[in-house]
Amino acid sequence: MYGIEYTTVLFYLISFVFVSYILKTITKIMDYIIYRITFIIVVLSILSNAQNYGINLPITGSMDTTYANSTQNDNFLSSTLCLYYPTEARTQINDNEWKDTLSQLFLTKGWPTGSVYFNEYSNVLEFSIDPKLYCDYNVVLIKFVSGEELDISELADLILNEWLCNPMDITLYYYQQTGEANKWISMGSSCTVKVCPLNTQTLGIGCQTTNVNTFETVADSEKLAIVDVVDSVNHKLDVTSTTCMIRNCNKLGPRENVAIIQVGGSNILDITADPTTSPQTERMMRVNWKKWWQVFYTVVDYINQIVQVMSKRSRSLDSSSFYYRV
C-alpha cells in the first residue's frame with residue numbers, strides 16, 4: 001500500500017519537473033521570436049521613412065511622367081482651424097447638430113474631422129479681451145453692424161497684429177508715445193478717453209491740466225479704442241476708469257495666422273492704410289449677408305484659398321492678442 005503511494009507521489013513530482021522544463025523552453029523560444037520580430041519591425045520602420053521615390057511606379061508607360069512624392073504630407077492633415085462666430089449665428093441656425101454638419105463639409109475640403117474647432121463669442125468687447133487664438137489658423141467672422149464700424153476696425157487692428165502692453169497709471173504719471181508702433185489701447189463697456197498735451201514745463205497745450213473739461217476727446221463711448229497721439233510729447237490722460245481700462249502698447253508685427261471675414265456691409269473695412277501695418281497684406285475679406293447657413297457654406301467653399309494668405313504658426317497663442325508685461 002505504501003509502495004503505491006510513493007509511486008504516485010514520485011510520478012507527480014516527475015511530471016511537475018517535466019512540465020516546468022517544457023514551459024521554460026517554450027518561454028525562451030517565445031522571447032527569442034519576439035525579440036527578433038521587434039528588431040525586424042524597428043529596422044523596417046526606419047527604412048520605410050526614407051524618400052522612396054521609385055516604389056510602385058509602373059514601367060509600362062513613358063518615364064517622363066511626373067509622379068508625386070508618396071511621402072509628402074497633405075497641407076492640412078496636421079493643422080488645426082479655429083472658426084469664431086457671434087452668438088447670433090447659433091441662435092439663427094437653431095440646430096443642435098450644425099457643428100457636426102460643418103465638420104463633415106470641411107472634411108470634403110481636406111480638413112479631417114476633429115481638426116476644426118468652433119468658438120462662440122457674444123460681442124466685440126468680449127472677443128477683444130479674450131479671443132483665445134489657439135489654432136494654427138484662426139478665422140474670425142464679424143457681422144457688420146451700423147454704428148460699430150470703428151469698434152470692428154480697431155478689433156481687426158488688434159487681432160491681426162501682436163502687441164506688447166504695459167499697465168498705465170494715469171493718476172500718477174504722464175505718458176508719451178515713442179513712435180508709430182506705440183499706441184494706447186483702451187477697452188471696456190464704454191470708453192471715453194481725453195488727453196491734454198504738455199509742454200516741457202508740464203503745462204497744458206491748449207488745455208488746463210486741472211480741468212478735464214478742457215482736454216481733447218480722442219475716444220467717445222467706445223468699446224475698444226486704439227489711441228494715437230503726437231509722438232514724443234507728454235500727455236495727461238482722463239479715462240472713464242469705472243467702465244474702461246487702458247494700456248500702453250507696442251505693435252510687434254502681424255499675427256499672420258489670423259484672418260477676419262466681415263459679414264455684410266457695403267464696403268470692406270480697410271486697416272492697411274495704417275503706416276504701422278507692415279507688410280501691407282490684408283487678411284480681411286467680406287461675404288454678402290443672407291443667412292448664417294449661407295455664410296458658413298461660403299467659408300467652407302473658400303477655406304483653402306483663405307488660409308493661403310495666412311501663415312501657420314508653430315505654436316498656439318492665448319495672449320488676448322497682447323502680451324502683458326508688469
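Using N, Cα and C of the backbone, Cβ positions are placed for all residues, glycine too.
Pulled from Swiss-Prot, these are the features on record:
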SIGNAL    1-50  signal peptide
CARBOHYD  Asn69  N-linked glycosylation site
DISULFID  Cys82-Cys135  disulfide bond
BINDING   Asp95, Gly206, Thr214, Glu216  Ca(2+) 1 binding site
DISULFID  Cys165-Cys249  disulfide bond
BINDING   Gln177, Asp228, Val229, Asp231, Asp301  Ca(2+) 2 binding site
DISULFID  Cys191-Cys244  disulfide bond
DISULFID  Cys196-Cys207  disulfide bond
- Task: Find the one among the recorded positions Asp95, Cys135, Cys196, Gly206, Glu216 whose C-alpha lies closest to that of Asp231 (Ca(2+) 2 binding site).
- Result: Cys196
- In three-state terms from DSSP, label Cys191 (disulfide bond) for me. strand
- From Gln177, Gly206, Asp301: binding-site residues whose CA lies within 10 A of Cys196 (disulfide bond): Gly206
- Gly206 (Ca(2+) 1 binding site): which of the recorded positions Cys82, Cys165, Gln177, Cys244, Asp301 is the nearest Cα neighbour? Gln177
- Item | Rounded Cα-Cα span from Asp95 (Ca(2+) 1 binding site) to Gln177 (Ca(2+) 2 binding site), Å | 49
- Listed in sequence order, the residues of the same chain lying six or more positions from Glu216 (Ca(2+) 1 binding site) whose CB sits under 8 Å from its CB are Lys194, Val195, Cys196, Pro197, Gly206, Cys207
- Query: What count of other C-beta atoms do you get within 10 angstroms of the C-beta of Cys82 (disulfide bond), across all chains shown?
  - Reply: 21
- Lowest local Cβ density (other Cβ within 10 Å) among recorded positions: Cys191, Val229: Val229
- Simplified DSSP label at Gly206 (Ca(2+) 1 binding site) comes out coil
- Set of same-chain residues at least 6 away whose C-beta sits under 8 angstroms from Cys244 (disulfide bond): Ser186, Met187, Gly188, Ser189, Ser190, Cys191, Thr192, Val193
- Query: For Val229 (Ca(2+) 2 binding site), what is the secondary structure state per DSSP, taken as helix, strand or coil?
  - Reply: coil
- For Cys249 (disulfide bond), the one of Thr214, Asp228, Val229, Asp301 that lies nearest, given that the binding-site residues are compared by Cα: Asp228
- If you draw a 10 Å sphere on the Cβ of Gly206 (Ca(2+) 1 binding site), how many other Cβ atoms land inside? 9
- Report, in whole Å, the straight Cα-to-Cα distance of Asp301 (Ca(2+) 2 binding site) from Asp95 (Ca(2+) 1 binding site). 21
